[in-house]
Amino acid sequence: MQRGSVGISTTSTFTLATPLLLESGASLFSVQIAYETYGTLNHDKSNAILVCHALTGDAHAAGHHGDESRPGWWDGVIGPGKAFDTDKYFVICSNVLGGCKGTTGPASQNPDTGKPYGTSFPVVTIRDMVNVQKALIDHLGISQLFAVAGGSMGGMQVLQWMVSYPSMVRKAIAIAATGSSTPQQIAFNEVGRKAITADPAWCGGDYYGKEHPVKGLSLARMVAHITYLSDASMHTKFGRALQDREFRGFDFDTEFQVESYLHHQGTSFTKRFDANSYLYLTKAVDYFDLSVDDSLISGFAPTKATVLIISVTSDWLYPPYQSQEIVSALSANECDVHYCELRSQFGHDAFLIETGQLNYSISRFLDHTLVRDVMNTQVPVISEQSTIAVAARMMITQGVNHLPVLAPDQSLVGIVTSWDIANAVACGYTSLDQIMSSQVITTTGDETIEVAASRMEQHRISALPVIDQAQHVIGLISSDGLSKLIGRGP
């Protein structure tokens, strides 16, 4: 399939109608969430994927904004024919709580004062960020996500989703992440924060409308950027080459190409990011710890999703052993977990760069989809003793076109469709057994969606009850949802 762009993308906003209670016990009012979406949500809303950004990312994950030449930060894997195929999936990305790209953060106006929050903004956590994302997903009318995916701090959000809202996540993809921030990771973040707060322009966080602490923020970015690279990538990219000169100057000017590169990264970063947001988001990363009583096994116990954990061979900030610890903890909980490594010299940033490997690994993971991954588990059912009138009312109130019919022992004995109800009215039938189909075509949770779709096509039906070994109904899948996922839909 030819890979393409999602084209022009726009950012939308949504404001919470109720106060947001934070993990710290503080509350935020009128929280605004900035988000973008790509692709089309199918009829039964079963194809939604939430993408979570890293520390300094934003909601602009794919496509272009107007005349901007720079695409979204994960454009290489989001779009037609890519891993997050927008011909199949409805992809959502929102700016995190505490950020500075449209979602409420320290640079936002405090409704109580009419001025920017600054450091009066409460400290937030990864769990708080996920709770805000959950509110957005509820707003979009989505009861369950087909997948949640992200790298670095985005991967932490994925892991938090798995334990905070286990029933809402069918598949999870966490890349270059950890289940618990380590002392080394906390140490690097603290150096960055001190660089900012030591800048005289920081003014205790009250610098809005005045000179911003660009020197401190630039230095924080320079330090952090070193951790995103690797020794090998810096050797390849820079070596010991000098910048714009042939000989050493024997002074303290910027001489080496690697120095010039870091200065450029720091300076450009100050033009797009808020220093206070950097303080808050790094603190949220430091607080991240999913272990319970020092046990990741206990921490991941609520997980129900099928999980893909990806690490980067040259990542020394979030090294592979930390991803392997997550895999071990999930395996100990008998979760369906898969693991792979990006073989790359680019270090931690490989999750943004190695789009070829990512497209391959993520596509294989998402495409191997079982019925249980996409079925609707909130299925209205009716007893075989019910009347046609009861069935008709239930279809109207529940907004469904198919009603599985159950025997007294709760086993499946038939199915009634909206066409059957119309036929009953036309023919004057009154009894349910006069119209229901007793030879029900079914599927199981362990079948692939391709097999289920083929069965519906063969029998010219639009839905399949999903049954267990006792013939009990555990879900239902529709042709509309499956067609989108397997690429047969519009």
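For all residues, glycine too, the Cβ spot is worked out from N, Cα and C.
Annotated in Swiss-Prot:
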type: DOMAIN; residues: 47-353; note: domain 'AB hydrolase-1'
type: ACT_SITE; residues: Ser152; note: active site, nucleophile
type: BINDING; residues: Arg221, Asp349; note: substrate binding site
type: ACT_SITE; residues: Asp315; note: active site
type: ACT_SITE; residues: His348; note: active site
type: DOMAIN; residues: 375-432; note: domain 'CBS 1'
type: DOMAIN; residues: 436-490; note: domain 'CBS 2'
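Sequence-distant contacts of Arg221 (substrate binding site), defined as residues of its own chain at least six apart whose C-beta falls under 8 angstroms from its C-beta, comprise Gly192, Gln265, Gly266, Phe269, Thr270, Phe273.
The Cβ of His348 (active site) lies under 8 Å from the Cβ of Ser152, Ala176, Thr227, Tyr228, Leu229, Ser230, Val312, Asp315, Trp316, Leu317, Tyr318, each of these being in the same chain and 6 or more residues away along the sequence.
DSSP classifies Asp315 (active site) as coil under the three-state reduction. Its Cβ placed at the centre, Asp315 (active site) has 26 other Cβ atoms within 10 Å.
According to DSSP, Ser152 (active site, nucleophile) is assigned to coil rather than to any helix or strand. Of all the recorded positions listed (Ser152, Asp349), Ser152 sits in the most crowded Cβ setting, with the most other Cβ atoms within 10 Å. Look at the domain 'CBS 1' (375-432): DSSP puts its residues at 22 helix, 17 strand, 19 coil. As a summary of secondary structure, the domain 'CBS 2' (436-490) carries 18 helix, 15 strand, 22 coil according to DSSP. According to DSSP, His348 (active site) is assigned to a helical segment.
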